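**Q** Got a structure for you, questions after.
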Amino acid sequence: MASSSSFTYYCPPSSSPVWSEPLYSLRPEHVRERLQDDSVETVTSIEQAKVEEKIQEVFSSYKFNHLVPRLILQREKHFHYLKRGLRQLTDAYECLDASRPWLCYWILHSLELLDEPIPQIVATDVCQFLELCQSPDGGFGGGPGQYPHLAPTYAAVNALCIIGTEEAYNVINREKLLQYLYSLKQPDGSFLMHVGGEVDVRSAYCAASVASLTNIITPDLFEGTAEWIARCQNWEGGIGGVPGMEAHGGYTFCGLAALVILKKERSLNLKSLLQWVTSRQMRFEGGFQGRCNKLVDGCYSFWQAGLLPLLHRALHAQGDPALSMSHWMFHQQALQEYILMCCQCPAGGLLDKPGKSRDFYHTCYCLSGLSIAQHFGSGAMLHDMVMGVPENVLQPTHPVYNIGPEKVIQATTHFLQKPVPGFEECEDEVTSDPATD
């Protein structure tokens, strides 16, 4: 960042220092962090103990097989797994037929984190495929000819912004997209996920994300949305899907990220939210759980850890003197160790936890969380912590949109040159990039 009074998310590539401290999870005393159920077993405690036992086996095996334990990100194996998936999927993915733009996004974002270029012919094929997924009524469906839905719309726009070419940007019909968002807007400020569908915080985030990236925010599009999201924060401190529901990592990320885009972070009790999310990092495993009393899951390496840069920036803007200017407010080393020791499939790809299968969803969000844990701040305040070998370093990701920071700047710069559909001159303040404010 430029100065201590201007905290940004942009982390340019740098020569990242490798953390040389002993592995946190392999300390002899670390076993004391395991669950103590005081001899009162519940279904929850039994399942937690099973997971901890599997993870203890991983830690012990790693320590036994490495005279000098060194964490290694299996970049080549992950690359080949992702490369194959972009061209052809097995019939096991038939259940995700309505999530095909998501598959494009998960794979493309994973590749950009690994700093693997996307061949032009592949980029063109993705653009042409996503164009087939775009509805004549605006927005994108889960596949060609399917009804539009905000979730695949978010995924498609992110994928196209990652490609970042004129061809990719031109796929997006901004006029129809704006009409589609208006068709989903509810009187209380919330959004439907699709016409006739459910309302929850995901839809508000997806709408705010695609609207801000493509410069289609109008003065009234998000009227009442920040207030509705604030009502979703519950007594725990996190955010539920709708007002009155249990706090959940995915919904909490969506809620806070949407408010960052709308410049309304102060609508929330930020200190309460901070306490909730930092309590979700597991003491023994090092990864994050999605809710209180749930199991660790690699995907929350992003959904939960990604909240901490957003909270750091919001609290910094309020002048909080207790904030570190070198570390996020979670155990970055422990999270990296969990991902690198427990979430890598030997054949490539990443997973939820030991014993689970790899998939593109967990590959994307484990790598995204690993990137968050490696990079803090930018410019003069840049502070990297890369566990293991130097080659483990990933490209940074923007914690609001979860694509490369430079891709956010490139897309917003491109679309800001175009007028908001229906407005000859519209310079609404929320169309600026949260990365550079």
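The backbone N, Cα and C atoms fix where each Cβ goes, and this holds for glycine too.
Straight out of Swiss-Prot:
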{"type": "SITE", "residues": "Trp102", "note": "site 'Important for selectivity against geranylgeranyl diphosphate'"}
{"type": "REPEAT", "residues": "123-164", "note": "repeat 'PFTB 1'"}
{"type": "REPEAT", "residues": "174-215", "note": "repeat 'PFTB 2'"}
{"type": "REPEAT", "residues": "222-263", "note": "repeat 'PFTB 3'"}
{"type": "BINDING", "residues": "His248, Gly249, Gly250, Tyr251, Arg291, Cys292, Asn293, Lys294, Tyr300, Ser301, Phe302, Trp303", "note": "(2E,6E)-farnesyl diphosphate binding site"}
{"type": "REPEAT", "residues": "270-312", "note": "repeat 'PFTB 4'"}
{"type": "BINDING", "residues": "Asp297, Cys299, His362", "note": "Zn(2+) binding site"}
{"type": "REPEAT", "residues": "332-374", "note": "repeat 'PFTB 5'"}
{"type": "MOD_RES", "residues": "Thr436", "note": "phosphothreonine"}
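So where do these features actually land, and what's packed around them?
**A** Secondary structure at Trp102 (site 'Important for selectivity against geranylgeranyl diphosphate'), as computed by DSSP, is helix. Counting every protein chain shown, the Cβ of Trp102 (site 'Important for selectivity against geranylgeranyl diphosphate') has 21 other Cβ atoms within 10 Å.
Taken together, the residues of the repeat 'PFTB 1' (123-164) have an average pLDDT of 98.
Each residue in the repeat 'PFTB 2' (174-215) gets a DSSP state, and the totals come to 25 helix, 4 strand, 13 coil.
For the repeat 'PFTB 3' (222-263), the list of distant contacts is 187-191, 199-202, 204-209, 211-212, 269, 272-277, 280, 288-292, 300, 302-304, 306-307, 310-311, 313-314, 399-401, 429-430, 434, 437: same-chain residues at least six beyond its ends, Cβ to Cβ under 8 Å.
DSSP assigns Phe302 ((2E,6E)-farnesyl diphosphate binding site) to a helix.
Its Cβ placed at the centre, Asp297 (Zn(2+) binding site) has 25 other Cβ atoms within 10 Å.
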**Q** Taking the Cα of His362 (Zn(2+) binding site) as the centre, which of the binding-site residues listed as His248, Gly250, Arg291, Asn293, Tyr300 lie within 10 Å of it?
**A** Tyr300
**Q** Report the nearest neighbour of Gly250 ((2E,6E)-farnesyl diphosphate binding site) in space among the recorded positions Trp102, Asp297, Cys299, comparing Cα positions.
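**A** Out of the listed candidates, the nearest Cα belongs to Cys299.
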**Q** Let's see if you can do this one: DSSP helix, strand and coil counts over the repeat 'PFTB 1' (123-164), in that order.
**A** 25 helix, 4 strand, 13 coil
**Q** When you average the Cβ positions of Asp297, Cys299, His362 for the Zn(2+) site, which other residues in that chain have a Cβ within 8 Å of that mean position?
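**A** For the Zn(2+) site, the extra neighbours are Gly298, Tyr300, Ser301, Leu351, Asp352, Lys353, Tyr361, Tyr365, Cys366.
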**Q** Grab the (2E,6E)-farnesyl diphosphate binding residues from the record (His248, Gly249, Gly250, Tyr251, Arg291, Cys292, Asn293, Lys294, Tyr300, Ser301, Phe302, Trp303) and give me their largest CA-CA distance in Å.
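**A** Pairwise Cα check on His248, Gly249, Gly250, Tyr251, Arg291, Cys292, Asn293, Lys294, Tyr300, Ser301, Phe302, Trp303 gives a maximum of 19 Å.
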**Q** List the Cα distance (Å, whole number) between Tyr300 ((2E,6E)-farnesyl diphosphate binding site) and Trp102 (site 'Important for selectivity against geranylgeranyl diphosphate').
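**A** Roughly 17 Å, rounded to the nearest whole number.
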